[in-house]
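Trainee: Take this structure, written in structure tokens, and hold onto it; I'll ask about it next.
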Amino acid sequence: MEPDSVIEDKTIELMCSVPRSLWLGCANLVESMCALSCLQSMPSVRCLQNTSVMEDQNEDESPKKSALWQVGMISNGTSSVIVSRKRPSEGNYQKEKDLCIKYFDQWSESDQVEFVEHLISRMCHYQHGHINSYLKPMLQRDFITALPEQGLDHIAENILSYLDARSLCAAELVCKEWQRVISEGMLWKKLIERMVRTDPLWKGLSERRGWDQYLFKNRPTDGPPNSFYRSLYPKIIQDIETIESNWRCGRHNLQRIQCRSENSKGVYCLQYDDDKIISGLRDNSIKIWDKSSLECLKVLTGHTGSVLCLQYDERVIVTGSSDSTVRVWDVNTGEVLNTLIHHNEAVLHLRFSNGLMVTCSKDRSIAVWDMASATDITLRRVLVGHRAAVNVVDFDDKYIVSASGDRTIKVWSTSTCEFVRTLNGHKRGIACLQYRDRLVVSGSSDNTIRLWDIECGACLRVLEGHEELVRCIRFDNKRIVSGAYDGKIKVWDLQAALDPRAPASTLCLRTLVEHSGRVFRLQFDEFQIISSSHDDTILIWDFLNVPPSAQNETRSPSRTYTYISR
């Protein structure tokens, strides 16, 4: 018997001269490979070689002879393949096939692969198609089912944990094994945890509704089963849709704090968190309120003029006053830690973050401070350029943005304090602005709100609707909320405002009217607006805990809004 290598070489050499119908007649790819490996033992090969040459010569004269093979279907147990008509040497086929398989099985895996590669490279496109059809179902694997069988449940769980809610629902219906992996892997819990980590609305809702206590537990035994989270998810979505509907329809629960100022009345500024509200009043005091009971916890005194602006963090409260000073207070004890005397007139606004503080004044200047600690604050630079009082400032790591009664917004480099550009467009003085990323939103005494691209200085949109000076403005990724001297608070659709195709009439979603005086300051989050006014009140507009009677009021007539599409 000849060596295997000689058999393989002869098999490949013979392949080109033998009619393709001979190996197409095999029931599968392996059989066709093996059949070729034993062609040298077939008595008919030499005859077929001569016949194939004659067929090629007669091909042009008689095209019908090239279609000699009739098509039939035979089953190989899992699939069907196309085979030729009756083979030459039919009687010896089974014996020859068995011999081919025997030789093939004796080769190493690398030799088998090499042989198959040589063989496939000599086949035509038509044959490649049939081989692909045969191999395709063999290569398709249910990896989610296969991984646990190999003790790799955690990998299957990790793969499915990237699915959104809609896809996770579909995955549960694939088969019982997929459903088991999702259930035992607590994937609905992981989906909710992912949303809480990445979306402030989900995080806030988890804290307010109390289901945050069931999240982020290391041991599965510490919490409820997967079915609990599976049923919780649609309730969360319903809550979110209700909140968004309340915003659009103006449905809210209103709470009111009466500041009861003894002398001059008015609340010029405020900031809040989950526990408290800190307000600056016209009567020179700073009052700290309990956010739940609405009781006054503490009154800070020291300024000799109205408290016009403030900001606080977990350590300090910084306030600016019409007495021209900036004071730093201990947020816990209320003790005065520092007093900065620089501006010549009232300090109208201030911001601090990451060791930097910026203040602006009626004296037309902007002061940039290095804030190493509450007691170590040094003046870095004074920015001049505005021709009237600088009413508001905001900044990030790239730009400092200021707005003035001179009708302009000026942009400065945060790192160098150099002037960058001026934004022109308002017809009267600018009273308020907020800056984030590339967007600046400003409000003016021309009664309009403008949206700007800070990089190119272009005005993207003008919002009209207020009847008097727009005194305060805030925005997030969904909406703009503005307050004005007309006593009204307006809620605007930010995404629509940034779309130049959106009609101006659709941009204002709701107007809230409860204050009896000018609105001086407001702040909002996903669930509420807190505003202050010349009427000496602080109002809390709650869009989450809306009483049933308010829920039955007329819904928004024009458009609907869904936070998450299911």
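Cβ atoms here come from the backbone N, Cα and C positions, even for glycine.
Pulled from TrEMBL, these are the listed features:
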- 153-191: domain 'F-box' (DOMAIN)
- 260-299: repeat 'WD' (REPEAT)
- 300-339: repeat 'WD' (REPEAT)
- 340-379: repeat 'WD' (REPEAT)
- 383-422: repeat 'WD' (REPEAT)
- 423-462: repeat 'WD' (REPEAT)
- 463-495: repeat 'WD' (REPEAT)
- 512-542: repeat 'WD' (REPEAT)
Trainee: Of the residues in the repeat 'WD' (423-462), how many are helix, strand and coil by DSSP?
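Mentor: Across the repeat 'WD' (423-462), the residues distribute as 0 helix, 25 strand, 15 coil.
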Trainee: Out of 340-379, 383-422, 512-542, what stretch is closest in contact terms to the repeat 'WD' (260-299), meaning most Cβ pairs under 8 angstroms?
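Mentor: So the stretch in question is 512-542.
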Trainee: Residue counts in helix (H, G, I), strand (E, B) and coil for the domain 'F-box' (153-191), per DSSP?
Mentor: 30 helix, 0 strand, 9 coil
Trainee: Considering only Cβ pairs under 8 Å, which range in 340-379, 383-422, 512-542 makes the most contacts with the repeat 'WD' (463-495)?
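Mentor: Against the repeat 'WD' (463-495), the leading stretch is 512-542.
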Trainee: Cβ under 8 Å, sequence separation of at least 6 from the ends of the repeat 'WD' (383-422): give me the contacting residues as numbers and ranges.
Mentor: 345, 348-351, 353-354, 356, 358-368, 428-436, 440, 442, 444, 452, 454, 457
